[in-house]
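**Student:** Okay, here's the structure, questions in a sec.
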Ligand SMILES: N[C@@H](Cc1ccccc1)C(=O)O
């Protein structure tokens, strides 16, 4: 029998009674692992080896983890500096200890957030104490880092570190888990017979070179076969973020449903953001706590005077025969104040008023998929800025059924068919509904939007004489339902889940 040199080498390195991994074969034959894998597949085809495959969970330190192997964990450095400063006897000023520790920037925060948790001492109103009984040598995380310092992608259960410590290192971003396919090879009976009969080495060529071509030698050599199953290096090229891809898809769907796109300023006057929506000027959402106000310029110059007058009247006296306004002060200066928009309903008021595209005759459908800004507290479902899918339909006669039907049609395009509605209150819609969807992995209800039918008090000053139904939906929440992540920070910002972003395919 004749075989290419690599295959002969692999046969000689493998055994009949013990499975040998591709990595071990690569080490024994001095061939690159991809070449060994190629040879193994060809030997399998010839019935000379049996190949088994399993997926191993492996661990390796991240760059940050490696840095701490050399420099020490920040909390331990802080502890040592605190001891040095005598903090085991009396509290010492934080600034002094941090200065002495040599910790800088983010490492200071890391030290502070782990210090008390791991029992090194206390931190209180600018002072630090050190617990004399704490023992850095017994620090499970530090010892694990040491143990992992010279392994690379070792199987989890081979590294001798308990699951809890591995988990805390992973949470701190010091350790990474990966999955790798391990292929193991054993010789078959047939291989033993062939080896005993003697195998000759045939030369095959893996790559055409200029020399082979110019010398004409290429005509005589035997080329090795392509192995399309060999493991190849993974390339992570740039790609459009899944949020952007989904936003594009949302636009396509809405255009397909007959909507036109609205555009407008991210910074706008409170007039367009709130007053035109019959939002009372003393509404809690209009306090400085919730909005990002502009300092310079602080006010808009241009507002349509007659509209300002009508909006003011609606706020003070209401509309229609027996209308009721808010009977509270209305201040034009307050309406002129500029802020980052907290919702894109500011675009709707601009368009409905005729300010953007002139007066509109029903039927009309408009949408936008744009960023909004809120001074919220960051948590798994809230960011300070997010994308809103704004929309409205203007027609002679609209009912709640039209509103719900529109949502059902829209969300079905993204595979979401279990939308739930809950009565809600907005100063500008009556009735109002919040929308919910079910999270695909946790099963929890997630709020995905807010909607309603615009009130007379809002529409009359804008000069709209028919019905308008409207909504603001959160694009990020739609993605949560589509792709099953649980924390909005998985797709945004420095803590994002790169694997999720790389591997998620936007298929709808
Ligand atoms: N502006 C509302 C959404 C909404 C728009 C239009 C009508 C009703 C509700 C929000 O941000 O939550």
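Every residue number used here counts from 1 along the chain in the order it is shown.
Glycine too: its Cβ is placed from the backbone N, Cα and C atoms.
Note that the structure is predicted; figures quoted are calculated from it, not measured.
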**Student:** Using only what TrEMBL says about L-phenylalanine binding by 345, 388, 389, 390, 428, identify which of 292, 407, 454 is listed for that site too.
**Tutor:** 454
**Student:** In Å, how long is the longest CA to CA span across 345, 388, 389, 390, 428, 454, which the record gives as the L-phenylalanine binders?
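**Tutor:** Greatest Cα separation within the listed binding residues comes to 18 Å.
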**Student:** If you skip the near sequence neighbours and keep only those at least six away, which residues in the chain come within under 8 angstroms of residue 430 (Mg(2+) binding site), Cβ to Cβ?
**Tutor:** 452, 453, 455
**Student:** What binding-site residues in 345, 430, 454 place CB under 6 Å from ligand 1?
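**Tutor:** Among the binding-site residues listed, those whose Cβ sits under 6 Å from ligand 1 are 345.
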**Student:** Please compare the binding-site residues 428, 454 by how many other CB atoms fall within 10 Å of each one's CB, and tell me which has the fewest.
**Tutor:** 428
